[in-house]
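As recorded in Swiss-Prot:
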type	residues	note
TOPO_DOM	1-19	topological domain 'Cytoplasmic'
TRANSMEM	20-39	transmembrane segment
TOPO_DOM	40-51	topological domain 'Periplasmic'
TRANSMEM	52-71	transmembrane segment
TOPO_DOM	72-100	topological domain 'Cytoplasmic'
TRANSMEM	101-120	transmembrane segment
TOPO_DOM	121-127	topological domain 'Periplasmic'
TRANSMEM	128-147	transmembrane segment
TOPO_DOM	148-152	topological domain 'Cytoplasmic'
TRANSMEM	153-172	transmembrane segment
TOPO_DOM	173-192	topological domain 'Periplasmic'
TRANSMEM	193-212	transmembrane segment
TOPO_DOM	213-221	topological domain 'Cytoplasmic'
TRANSMEM	222-242	transmembrane segment
TOPO_DOM	243-257	topological domain 'Periplasmic'
TRANSMEM	258-277	transmembrane segment
TOPO_DOM	278-300	topological domain 'Cytoplasmic'
TRANSMEM	301-320	transmembrane segment
TRANSMEM	322-341	transmembrane segment
TOPO_DOM	342-358	topological domain 'Cytoplasmic'
TRANSMEM	359-378	transmembrane segment
TRANSMEM	381-400	transmembrane segment
TOPO_DOM	401-419	topological domain 'Cytoplasmic'
Amino acid sequence: MSQDNNFSQGPVPQSARKGVLALTFVMLGLTFFSASMWTGGTLGTGLSYHDFFLAVLIGNLLLGIYTSFLGYIGAKTGLTTHLLARFSFGVKGSWLPSLLLGGTQVGWFGVGVAMFAIPVGKATGLDINLLIAVSGLLMTVTVFFGISALTVLSVIAVPAIACLGGYSVWLAVNGMGGLDALKAVVPAQPLDFNVALALVVGSFISAGTLTADFVRFGRNAKLAVLVAMVAFFLGNSLMFIFGAAGAAALGMADISDVMIAQGLLLPAIVVLGLNIWTTNDNALYASGLGFANITGMSSKTLSVINGIIGTVCALWLYNNFVGWLTFLSAAIPPVGGVIIADYLMNRRRYEHFATTRMMSVNWVAILAVALGIAAGHWLPGIVPVNAVLGGALSYLILNPILNRKTTAAMTHVEANSVE
């Protein structure tokens with residue numbers, strides 16, 4: 001097995017852990033993404049002013065709680081999402097969530113590259129293929145340097161996006177008559193509140209399932225909860241507000257489009273580039289960790305390979321794969337639910353990653369994911385929340401029953417090895 005400073009095959013040592021501020025910037029860099037603005041635009045034009053804020057705050061609170069669980073587990077153990085999955089899915093069984101998580105992140109990376117290149121190409125007249133090649137290369141080179149590079153990039157990007165985007169929103173709202181005029185807007189096609197909540201939670205629950213990949217570098221597990229809450233409850237909410245304000249004022253959800261319409265071309269390119277760069281690098285970093293769990297290769301090398309694939313296929317992914325990626329992403333929330341459920345039941349096993357005896361494949365975990373997907377699809381309520389709870393509850397109920405002998409045997413062996 002190849003080792004690298006991404007610690008893709010074992011826990012992050014205390015000497016490599018980082019402070020809460022650095023991780024907060026990294027996680028905000030993940031959640032500052034154009035797709036959340038687009039969803040915010042949909043909500044802003046489909047809900048009243050007060051219902052919009054209620055949906056955004058409740059939805060992102062639920063998202064924050066979910067990611068906080070995963071962040072706590074990641075920081076407590078120092079393990080990636082994929083190594084955590086070994087405890088519940090089995091060593092080879094964890095390849096399934098790793099393939100699902102890693103594959104979707106490569107896909108979204110390619111989509112993100114195209115999301116930058118296409119509007120910039122239209123605004124400047126530059127060749128879109130050239131923009132894709134250059135931006136994809138820059139993003140791929142950055143991720144090669146691991147969590148430290150992600151931190152530096154996010155420290156630059158997060159304040160820039162917040163300040164420039166905030167200024168643009170202020171101009172847009174003032175241009176339509178101020179906050180009172182914004183409050184007075186009546187939705188032409190009202191959106192059901194439960195659908196709105198599902199859109200908010202669903203906007204980032206796929207990437208949120210990978211929270212442990214980043215927060216495992218935290219020195220304190222309790223502070224990891226704070227990091228996840230700030231990123232998803234505050235950071236994601238800000239993107240929704242940007243999108244809603246832009247859509248209400250100028251009919252454009254992406255803040256970079258609003259800025260171009262305002263004549264702020266260079267700031268728009270900066271905001272769009274940094275916005276996508278930070279999220280894409282996090283996606284590429286996480287994809288490398290996923291495929292490292294399957295292959296045992298260096299996650300650095302795999303991230304670079306994934307970046308090249310995503311860049312080459314960017315336009316095709318953008319034009320043909322978004323619907324498929326969205327479908328695949330619906331299968332991801334139950335994976336997080338199963339990981340959380342197993343940790344709650346067997347947290348002492350997680351203290352000894354190197355010596356813990358694990359199953360090859362735990363079919364109960366895979367069944368629980370399938371039941372979680374079914375719960376999300378068929379049960380009334382908030383789809384991604386139902387999927388997480390369906391996966392977690394199915395695992396909590398079925399695993400002790402169907403794996404009683406196996407669990408007892410592993411617990412006995414581990415108890416003897418600790419003694």
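Note that Cβ sites are derived from N, Cα and C of the backbone, with glycine treated the same way.
The stretch in closest packing with the transmembrane segment (222-242), judged by the count of Cβ pairs under 8 Å and taken from 20-39, 101-120, 128-147, 193-212, 258-277, is 20-39.
For the topological domain 'Cytoplasmic' (1-19), the model's pLDDT averages out at 82. When each of 20-39, 193-212, 381-400 is scored by its Cβ pairs under 8 Å to the transmembrane segment (153-172), the top-ranked stretch turns out to be 20-39.
The DSSP breakdown of the topological domain 'Periplasmic' (121-127) into helical (H, G, I), extended (E, B) and coil residues amounts to 4 helix, 0 strand, 3 coil.
A Cβ distance under 8 Å defines the sequence-distant neighbours of the topological domain 'Cytoplasmic' (148-152), meaning residues of its chain 6+ beyond its ends; these are 18, 22-23, 25-26, 29, 142, 214, 278, 281-282, 285. When Cβ distances are compared across the two stretches, the transmembrane segment (301-320) makes no contact with the transmembrane segment (20-39), since fewer than 3 pairs at least 6 residues apart fall below 8 angstroms.
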